[in-house]
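Working notes, structure below.
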């Protein structure tokens, strides 16, 4: 029998799952149709398509994890189940982080202006090597998830042996969360791509500041397209920073939840807040991307006309 909190959690997480799949699926579908029509795809659309596919995987893993927690709160005490869930989550999490970082770096290279040789070389090369970069993101994520599975498996074995030792009963009692240390460690590693995104964000803001100063010197009274592109990219990256911060805090909350008396409630709250990252940022991308937004508006218009007929 589910508690009222469990019922609310299931309703909320189901709603987030539906919105997440629809939002990310919409981005993938629009880019795929555009790819078929034009027989080619732009670099930004290619990165976005890979990103939303990775986010669909992440949302699915998180929702499955949330439902399993409700149905079987003791799942984290079972080695095999926890290793499988944690491995898939690590892979999807890192893949999302690295592809999002690629998107943020791409925005910076394509929109910002600089005469530095390294910047110009990267700006020239990014379109040519994007396939290899995304393949590298996949390889890194797969490697990290396999390492996570091995570390977690060894950690479980150690605690299983320690549990039967009389002299270290206290140590096992303190370490009642066998996956606590691996989770903390891999959460910390996720900061690396975030730092790269943060650097790209500040460099883009600096580029906008320099560009604005130049515009003021040669003001024409008309709207500057470059400034609008800068602002749109900064809004996208700002939303990513906000949602990732929320996601990271939620992940830490879930990691430490078993130290709390209401651990199940803490995990449920953390899951709901964490899913806002792959859901919310993708919705922001739709709003700020001209092609995605205009396609969505046309769909709504056609639907209204069809209803009137």
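Residue numbers in this text run from 1 along the chain shown.
Glycine is no exception: its Cβ is also placed from the backbone N, Cα and C atoms.
The topological domain 'Extracellular' annotation in Swiss-Prot covers 1-7, 72-82, 153-184, 261-266. Among the features that Swiss-Prot reports, transmembrane segment is placed at 8-28, 51-71, 83-103, 132-152, 185-205, 240-260, 267-287. Residues or ranges marked as topological domain 'Cytoplasmic' by Swiss-Prot: 29-50, 104-131, 206-239, 288-309. Per Swiss-Prot, N-linked glycosylation site is recorded for 167, and the stated evidence type is sequence analysis.
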Contact between the transmembrane segment (83-103) and the transmembrane segment (8-28) (at least 3 Cβ pairs under 8 Å, separation 6+): no
Arithmetic mean of per-residue pLDDT over the topological domain 'Cytoplasmic' (288-309): 79
Chain residues in Cβ proximity to the transmembrane segment (185-205) (below 8 Å; excluding those fewer than six residues from its ends, i.e. six or more beyond): 90, 93-94, 97-98, 100-101, 104-105, 107-108, 111-112, 144, 148, 151, 230, 233-234, 237-238, 240-241, 244, 248, 251-252, 255
Helix, strand and coil totals (DSSP H, G, I; E, B; other) for the topological domain 'Cytoplasmic' (104-131): 23 helix, 0 strand, 5 coil
Stretch-level contact, the transmembrane segment (240-260) and the transmembrane segment (267-287), CB cutoff 8 A, at least 3 pairs: yes
Long-range environment of the topological domain 'Cytoplasmic' (29-50) - Cβ separation under 8 angstroms, sequence gap at least 6: 99, 102-103, 106, 110, 126-127, 130-131, 134, 285, 289, 291-292, 295
Surrounding residues of the topological domain 'Extracellular' (261-266) on its own chain - C-beta under 8 Å, 6+ positions past either end: 5, 69, 73, 253-254
